[in-house]
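According to TrEMBL, the domain 'FAD-binding FR-type' annotation covers 336-448. The transmembrane segment annotation in TrEMBL covers 34-54, 74-102, 122-155, 176-201, 221-245, 257-279, 299-328, 572-593, 605-630.
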Amino acid sequence: MDESSVHNPLLWGQGSGYANVRRKTPLSVTLAKWILKIAMLALFISWIALMFLFPADFVQKLFEKWIHATNGTVFGITGSLFLLFSGPILLIAVLSIAYLVISGEEELHEKKPSKYPSFRLWTFPVLVDGPFGVVSAAELIGILLFVVFVIWAVYAYTMSILSLMSDQLTFKEKSCLFLEILGLRFGLIGMFCLAFLFLPVARGSILLRFIDIPFEHATRYHVWLGHLTMLLFTIHGLLYVVAWTIEGRLLHEILEWRDIGVAILPGVISLSAGLLMWVTSLPPVRKLNFELFFYTHQLYVIFIVFLALHVGDFIFTMAAGGIFIFILDRFLRFCQSRRVVDIISAKCLPCGAVELVLAKPENLRYNALSFVFLQVRELSWLQWHPFSVSSSPLDGKYHISVLIKVLGKWTEKLRGIILENSEKELPFSPHSKITASVEGPYGHEIPYHLMYENLILVAGGIGISPFLAVLSDILHCVREGRPCLLRNILIVWAVKRSNELSLLSTIDMDSICPSFSSKLNLETCIYVTRESEPPLEDGKVQNTQDFSLCPTSKSCGMSVLVGTGHTIWSGLYVISSMVGFVISMGLLDIFYINPFHISSWWYKGLLFVVCMITSVVIFGGLVVGLWHLWERRILAKEQFEDDRLNIDKAEHIETVAREDSHLAKLTGIRYGARPDFKEIFETVSQNWGHVDAGIIVCGPPTLQSSVAKEIRSHNLRRQSDHPIFHFNSHSFDL
């Protein structure tokens, strides 16, 4: 790596470089984007401020005036609270649709290399050890805000309750009254946290696409919010239990189901379902028995429905916005997962990993760092497992690949089926065919690995899988002249045994871009930690066991309904469902609730949830049906014919069947050693100079912590002419 290669961009102004594909964004588009950003930011800050300041006395007075002023409307108090607490997040979702539609792929073309490297809150690791894992500065700020909110709300409500205590009451009466009112307030705080709980697990939601947070990152936030929400709801229930026990009416209260007011029994059922989900999601239980965690987590349906029965419609509206967005995503995922996807080929590598090549339509959009959820119906009709995509979207128009490490019973059975079929002379027999369904892909809206000029990829074991897709994506961009800032890439890969090197056989860089070495500085460091010397067959990839299936009829690919799908259709689906919900609630109030004087909280809460679901299924389902017809029409125009598809399959199978990997030849392999990240980063600092360097880590938590700790240490003590390292994680853990 010479000095000139570091200071002179390799991909700019070379006929196929970044500068040639960049185009100027119209002023009207830029202005519209800024207006939308400011509007969404103002809405979000106002929404957060409302919930944060809600315990304050002056906000309570303003809230009472708002309720009094809007009580006479068609929707009543329910509509007022829905507009106040759920309206902002739904309006932000609508504005996000508009933003994504007018942006298109402009963000990628507008990205310029930074002349002055700087720290970024979302890529600077602050906490590297502890219960939260690796936490960036931005994530720490978010955690602290939630902690401060809970402490402030408990303090404000406690002071307010104490001021209401009358001296005429006995100590026992004061204690019970204090516990009940405080329990009520803890439930209210929990509802505010619940407003955020379902937003991160709406896998393909328009909100996650707008803020460009991939699902594997958002899942961490759902876990953190889940712990906080269930802690608050548990305290809420325990305070009531203690008060009722002191008063001697515990059993009577728990079994009570009032016509007017809070129905307690549904609350007990909802809390019980929540506690089951909470306990089985704890790391010791989840890692020992993933199936138990997966199945009990489906109790979220019981949790939501009985929560609505417990608190009634108008209190439920405080968290309804996030739940509605989750229902939108869940129905879309359900529609996508009904399709059976053809498996083009399946392969068992010597290290025990499995590679599946799945059929997809040409218009399916995804980025290299994406995940898919896979179901194999011959193994389980209920289980869905997430896997990293190991192929670039530029590798082929009609296929997508995943690498699967054999860890549990599900993956062992999958490998057994593949081995069984590979031993047969004929392709799949009817009784042994694998039937797959796919959800996704989910990932970044913009391929952020192409936004860095200098990139370090750190992988552990099967963690190399997404980086094979990244590397292939970069090479395609170099060859085709697509937008790409990259000039330096360092791959650090740690494996336990040398047979895992067979994973490299799934990519052949020379066939993708024969002249890449003259345009891109690529270095690799491979560490085999549990072998002190290379085996006799080192340098050769062992034979693999595989079989392929090339259907004689038109191949069935994945649906484009989820993930980074068509923005206009996604927007129509969201907007139609929202309009349908408003219409459903209006008709229900005008023709049923108001004329018949329906006043039971629990019953109105049930009707509210039913309207949410039916509006998505009926109004949103109509758009999904039209979307599906449009998709079929596009596929017909593209002439998705068998002969063309088989060429794509054959090219892929021919590529991945090579015995030698050019990537493995780029460097020496170190045996019996582990990566010394301090030494690696010091060497990089001396060679790369004062630049922004992106680091993406895919591997176990210990690997992430080691890299994050070294990045934090380097960034805090760095010299002025050294790089600023930016930490990015790409590890998925349900």
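In case you wondered, yes, glycine gets a Cβ from its N, Cα and C as well.
Unlike curated records, TrEMBL annotations are generated automatically.
By number of Cβ pairs under 8 Å, the transmembrane segment (221-245) is matched best by 176-201 from the list 176-201, 299-328, 572-593.
Secondary structure of the domain 'FAD-binding FR-type' (336-448) per DSSP (helix as H, G, I; strand as E, B; remaining residues coil): 20 helix, 39 strand, 54 coil. Within its own chain, the transmembrane segment (299-328) has Cβ neighbours under 8 Å at 76-78, 81-82, 85-90, 93, 187-188, 191-192, 194-199, 201-202, 205, 207, 262-264, 266-267, 269-270, 273-274, 276-277, 573-574, 577-578, 581, 601-602, 604-609, 612-613, 616, 620, counting only residues six or more beyond its boundaries.
Fewer than three CB pairs closer than 8 A are found between the transmembrane segment (74-102) and the transmembrane segment (257-279), and contact between the two stretches is not assigned (pairs 6 or more residues apart). Here the domain 'FAD-binding FR-type' (336-448) returns a mean pLDDT of 79 for the predicted model. A Cβ distance under 8 Å defines the sequence-distant neighbours of the transmembrane segment (257-279), meaning residues of its chain 6+ beyond its ends; these are 226-227, 230, 233-234, 237, 285, 296-297, 299-300, 302-307, 309-312, 599-602.
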